[in-house]
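Listed in Swiss-Prot:
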BINDING   H48, C60, C63, H64  heme 1 binding site
BINDING   H65, C83, C86, H87  heme 2 binding site
BINDING   H103, C120, C123, H124  heme 4 binding site
MOD_RES   Q25  pyrrolidone carboxylic acid
SIGNAL    1-24  signal peptide
Amino acid sequence: MFKHTLIALTLLAAATLFSLPAFSQEDMTHVPTDAFGKLERPAAVFNHDEHNEKAGIESCNACHHVWVNGVLAEDEDSVGTPCSDCHALEQDGDTPGLQDAYHQQCWGCHEKQAKGPVMCGECHVKN
């Protein structure tokens, strides 16, 4: 009886241990890249909530911004709206192209705060 219980507990522990990485991946945010087609580097991946907590970002519009007639709308955010709805692949007037928009948003903030990754391979990690 003890042998069967020990085997069952060992299998349960192993199943739990091996399932943990799957749960930790749930919170990972993949920067949308469908609009680009074939990529030179992998998409940037980060834990959204952990990033915002560590960076002290409290307002969604710090990253998910809305511009109205060339003015940043302070009380609005674009959560749920793909960046490609406003940013074409190439620059359009004063609106940066999609790749530049991503880079200006992320890299620009990291540079300004002197924190976070700024080298290509730090965000675009090859597996």
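Every residue, even glycine, has its Cβ placed from backbone N, Cα and C.
Recorded features from Swiss-Prot, shown on the structure.
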residue: H48; record: heme 1 binding site; DSSP class: helix
residue: C60; record: heme 1 binding site; DSSP class: helix
residue: C83; record: heme 2 binding site; DSSP class: helix
residue: C120; record: heme 4 binding site; DSSP class: helix
Spatial neighbours of H64 (heme 1 binding site) that are distant in sequence (at least 6 apart) but have CB under 8 A: D77, S78, V79, T81
Close in space, distant in sequence - H124 (heme 4 binding site), Cβ under 8 Å, 6 or more apart: R41, P42, A43, A44
Rounded Cα-Cα span from C86 (heme 2 binding site) to C123 (heme 4 binding site), Å: 23
Between H65 (heme 2 binding site) and C120 (heme 4 binding site), the C-alpha gap once rounded to whole angstrom: 23
Spatial neighbours, same chain, of H103 (heme 4 binding site) - Cβ under 8 Å, 6+ residues apart: none
Coarse DSSP state, helix versus strand versus coil, of H103 (heme 4 binding site): helix
Distance, C83 (heme 2 binding site) to C60 (heme 1 binding site) (CA atoms, angstrom): 14
C120 (heme 4 binding site) and C83 (heme 2 binding site), Cα-Cα, nearest whole angstrom: 20
Proximal but sequence-remote residues of the same chain as C120 (heme 4 binding site) (Cβ under 8 Å, at least 6 apart): R41
